[in-house]
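A.B. asks: According to Swiss-Prot, the active site, nucleophile annotation covers Ser37, on the basis of similarity to another entry. Marked as active site by Swiss-Prot on the basis of similarity to another entry: Asp345, His348. Under the heading N-linked glycosylation site, Swiss-Prot lists Asn66, Asn101, Asn137. According to Swiss-Prot, the signal peptide annotation covers 1-19, on the basis of sequence analysis.
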Amino acid sequence: MRINMLFIVAFSFLVSVRSLPMRPTLKYESIFNFGDSLSDTGNFLLSGDVDSPNIGRLPYGQTFFNRSTGRCSDGRLIIDFIAEASGLPYIPPYLQSLRTNDSVDFKRGANFAVAGATANEFSFFKNRGLSVTLLTNKTLDIQLDWFKKLKPSLCKTKPECEQYFRKSLFLVGEIGGNDYNYPLLAFRSFKHAMDLVPFVINKIMDVTSALIEEGAMTLIVPGNLPIGCSAALLERFNDNSGWLYDSRNQCYMPLNNLAKLHNDKLKKGLAALRKKYPYAKIIYADYYSSAMQFFNSPSKYGFTGSVLKACCGGGDGRYNVQPNVRCGEKGSTTCEDPSTYANWDGIHLTEAAYRHIATGLISGRFTMPTYN
C-alpha cells in the first residue's frame, strides 16, 4: 500500500509540474507573433473562414484551459510558454479586437498567426490549382498588414517606436509548413513540394526585412518541424518500403528531408539578413532538432503512450488519423493522457511536446544565436 501511495504522490507531482507556468527568465515587455496553427491563439476561430471548425470545441484546450480557445492543441503552444518565460500574459489574437466587443490592450503584444496560413499569397496557390484546398487566405503578407495597422496605437514618433520595439520580441513563424502540406495532402509529388522551397524562403525573408524596417530589433525565425513524424502525413504516405523510414524513430525520411531542405535554405537566408541589418538580432530557432529529441527517445521525455500516433482522431489504423473523422468530430476518440503523446490530432503536437520544444528554445540550446 505504501508503495502504491508513493507512486500516486510521485505521479501527481509530475502532472502538476507539467502544468506549471514557465519561470520568467526572458526580459521582453511585448511579443508580436506571425505564423500558422502552431502559434495561432484564436484568430482562425475569430475569422469565420470555416463554419463551426472542430478546433472550436473540446477536446481542444482540455489540458490547460479546460475549454477551446482556438489553439490547435490540447493546451498551450510554444508562444504561450515564451510569454510565460517573459512574465507576460498570453498574447491576444489580433482579430479579438475586430470580431468581438472586448477591449483589447495590445501594448504587451499581439498575435497575428492564423491556422492554415501560408507564407505565399493566395494567388500563388490559385495559379497552381490549389486554391480549393486552402483553409484561409490570411497569409503572411496579410498578417504584416495587420501589424502595420496596429502600429500607430503602439507608438507615435520614431524615437518612441525605437524605444518601444527595443524591448519587444518578434516571432516570424513557424510559417511555410502549410505551403508544403497543401500540395502533399492533395497528392502532389515530392518534387512539386520541393520546388516551392525557394518561394517560401523568399517570402519569409521579405516579411522579416519589412518588420525590421518597421522597427523590430529582436526577431526569432523558427524552422520547420520534422514533418516526416506527423501522423497525418505518415498516414498519407503509408508505405511498405521499410527503407524509407528512419530506423531510429520510424519517421518518413523523404518528408523530413523536405523539412531539412527548408531549414537549410532558411538559415542561409537569415545569414544574409544579418549582414544587411547588423543592428538587428535575427535568431534562428531550431524546432526540428528540438522535436527530434523526443521522437528519437520518447520515454526519456515522458512520452510513454506514443509519439507518432495521434492522441485525438477517428482512425482505426496505425496513426489514428481519418480525414473524414477529425479530432473533436463525432466518431473521434481522445487518449486518456495527452501528456504521454507527442502528436495531438495528426497535424499538431500536444502541449507536452510544445513545452519540450519551448524549453529548448528558452534555454538557448536550440537557437542560433541564443536570445536569453
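Quick reminder: no glycine exception, Cβ is built from N, Cα and C everywhere.
Locate each feature and note its surroundings.
C.D. replies: Ser37 (active site, nucleophile) carries neither a helix nor a strand DSSP state and counts as coil. Around Ser37 (active site, nucleophile), a 10 Å sphere centred on its CB holds 26 further CB atoms from the protein chains shown.
Its own atom aside, the Cβ of Asp345 (active site) has 28 Cβ atoms within 10 angstroms in the protein chains shown.
Cβ environment of His348 (active site): Ser37, Leu38, Cys72, Ser73 lie under 8 Å away, each six or more residues apart in the same chain.
Sequence-distant neighbours of Asn66 (N-linked glycosylation site) (same chain, 6+ apart, CB under 8 A from its CB) do not exist here.
Its Cβ placed at the centre, Asn137 (N-linked glycosylation site) has 18 other Cβ atoms within 10 Å. In the three-state DSSP reading, Asn137 (N-linked glycosylation site) counts as coil.
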A.B. asks: To the nearest Å, how far is the Cα of Asn137 (N-linked glycosylation site) from the Cα of Asp345 (active site)?
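C.D. replies: Cα of Asn137 (N-linked glycosylation site) to Cα of Asp345 (active site) measures 22 Å after rounding.
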